[in-house]
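First comes the structure, then the notes that go with it.
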Amino acid sequence: MDQNQLKKAAAEYAVRFVEDGMNLGLGTGSTVTYMVAALAKRAQDENMELTCVTTSSRTKRQAEGLGLRVVELNEVDRLDLTIDGADEIDANYQGIKGGGAAHTMEKIVATASDQVIWIVDESKMVETLGKFPLPVEVFDYGLTQITERLAEQGLNPVLRLDENKEPVRTHFKNLVLDLNVGQIADPHALADQLDHEVGLVEHGLFLDMVNKVIVGTPDGPKLIDHIR
């Protein structure tokens, strides 16, 4: 099975945890694209009533195009379940997200959810976080200064550019710095360090947030349950 088949298998498995009447958070990324398609099919086949909140305009367009009801997060009190991807997951089920520059919205939605499921292919499972660059969303204002401060801390920030060599913009029109930090021995300490950095909107460390992980493997989807 190739990587896309592994993603698709994990995504389709995740949809079985959706129940009629749920408020759902829908993440962002290539694996989530498969999940939204499977979710829309199940909702139609079983005449399910679902209310969805999305974490990017890409996911919103797909979900609405497939007939799912999408509302703003402010229109619901809580979310029953959020299903999202991840860029890395370590042995303690801590994660890095933000490869799609949507991590601020993804973190807000995950925090508003009673349960969080991550869907990944097996390449995303690592012993220690840090091979994947850690994204941080920052304002234009003070970009030079925050970049210098992060560099002085040894975090090796690089401004993310698109294929046209233009700065990538988030949903909130902010910029993304990718931190090339190497192995992250203590994710909580690094998160605390970044949380105190003035001018940094949000970082891509997702700690103590996930309840289930579904991993696409050549032998079929593997469910890791009862994480927290």
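Cβ atoms here come from the backbone N, Cα and C positions, even for glycine.
In TrEMBL, annotation is done automatically, which means it is predicted and not curated.
When TrEMBL records Thr28, Gly29, Ser30, Thr31, Asp84, Gly85, Ala86, Asp87, Lys97, Gly98, Gly99, Gly100 as binding substrate, the matching candidate from Lys41, Lys60, Lys124 it lists for that site is Lys124. Overall, the recorded substrate-binding residues Thr28, Gly29, Ser30, Thr31, Asp84, Gly85, Ala86, Asp87, Lys97, Gly98, Gly99, Gly100, Lys124 cover a maximum inter-Cα distance of 15 Å.
Taking the recorded positions Asp84, Glu106 in turn, the residue surrounded by the fewest other Cβ atoms inside 10 Å of its Cβ turns out to be Glu106.
Other residues of the chain with a Cβ within 8 Å of the Cβ centroid of Thr28, Gly29, Ser30, Thr31, Asp84, Gly85, Ala86, Asp87, Lys97, Gly98, Gly99, Gly100, Lys124, the substrate site, are Gly27, Val32, Val120.
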